[in-house]
Amino acid sequence: MNEAILSRNHVKVKGSGKASIMFAPGFGCDQSVWNAVAPAFEEDHRVILFDYVGSGHSDLRAYDLNRYQTLDGYAQDVLDVCEALDLKETVFVGHSVGALIGMLASIRRPELFSHLVMVGPSPCYLNDPPEYYGGFEEEQLLGLLEMMEKNYIGWATVFAATVLNQPDRPEIKEELESRFCSTDPVIARQFAKAAFFSDHREDLSKVTVPSLILQCADDIIAPATVGKYMHQHLPYSSLKQMEARGHCPHMSHPDETIQLIGDYLKAHV
């Protein structure tokens with residue numbers, strides 16, 4: 001067991017089951033974002049939680065701009081953790097960009113993963129008409145990066161509300177906002193650039209691991225057209241429409257998230 005890797009990514013292992021399930025956070029979040037979901041799987045699974053380098057309680061000294069200027073560096077971190085824990089045929093549950101990171105890892109080392117559960121994923125956030133609508137124009141994303149640089153706290157407030165799309169749930173907005181604010185602003189901006197300007201549409205056809213796509217209602221970050229596109233181009237995928245609104249069902253609707261993941265695992269694992 002490589003303790004250096006486990007320390008770098010602040011890896012936590014819980015549960016007592018034989019099967020392994022790994023939970024990956026989305027942009028700007030750490031492993032605690034899964035607090036309302038992950039414990040439900042501890043009875044039957046070995047649950048693995050981790051932080052991206054630069055987030056949560058990871059080792060900031062390990063951050064390397066060249067390594068993490070694309071999602072490939074984060075995907076390698078996932079593979080490093082799998083190897084450090086000697087994981088095989090692991091269920092990978094990723095939120096948002098975390099889902100794409102897991103997907104890229106599975107392309108490199110498919111034998112390490114049995115299934116992918118992708119919560120609100122998007123292979124490309126930029127519109128590319130007429131074939132593809134990711135939800136954003138380039139100037140919108142450039143504006144997001146500019147706001148992060150000029151007023152990070154203000155950006156965190158606005159972006160948390162936009163992502164959640166839960167105006168009647170201020171406590172959840174404050175929780176997500178605090179997670180954004182706890183991340184190093186420079187690293188967060190670089191991660192945002194790597195995530196929101198990436199285009200992994202051509203990688204979808206390379207995936208051989210079966211997957212479940214969980215599509216939220218009224219998701220501004222990953223709209224329904226994106227979920228359908230992924231399902232059409234991702235081999236061995238299933239698409240499930242959630243009742244949950246917004247982009248963070250594991251925070252706003254944990255019970256539904258647990259139910260849908262559990263149902264998929266019972267039927268396919």
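For all residues, glycine too, the Cβ spot is worked out from N, Cα and C.
Here the structure is a predicted model, which means the values were calculated and not measured.
The annotation active site is assigned in Swiss-Prot to S96 (among others). With a 10 A radius on its CB, S96 (active site) counts 25 other CB atoms from all the protein chains. According to DSSP, S96 (active site) sits in a coil region rather than a helix or strand.
Feature annotation from Swiss-Prot assigns active site to D219 (among others). Counting only same-chain residues six or more apart in sequence, the Cβ atoms lying under 8 angstroms from the Cβ of D219 (active site) belong to G120, N165, R245, G246, H247.
The active site annotation in Swiss-Prot covers H247 (among others) and rests on a curator's inference. In the three-state DSSP assignment, the secondary structure recorded for H247 (active site) is coil.
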(request) Measure the Cβ-based neighbour count of H247 (active site), defined as the other Cβ atoms within 10 Å of its Cβ. (result) 26
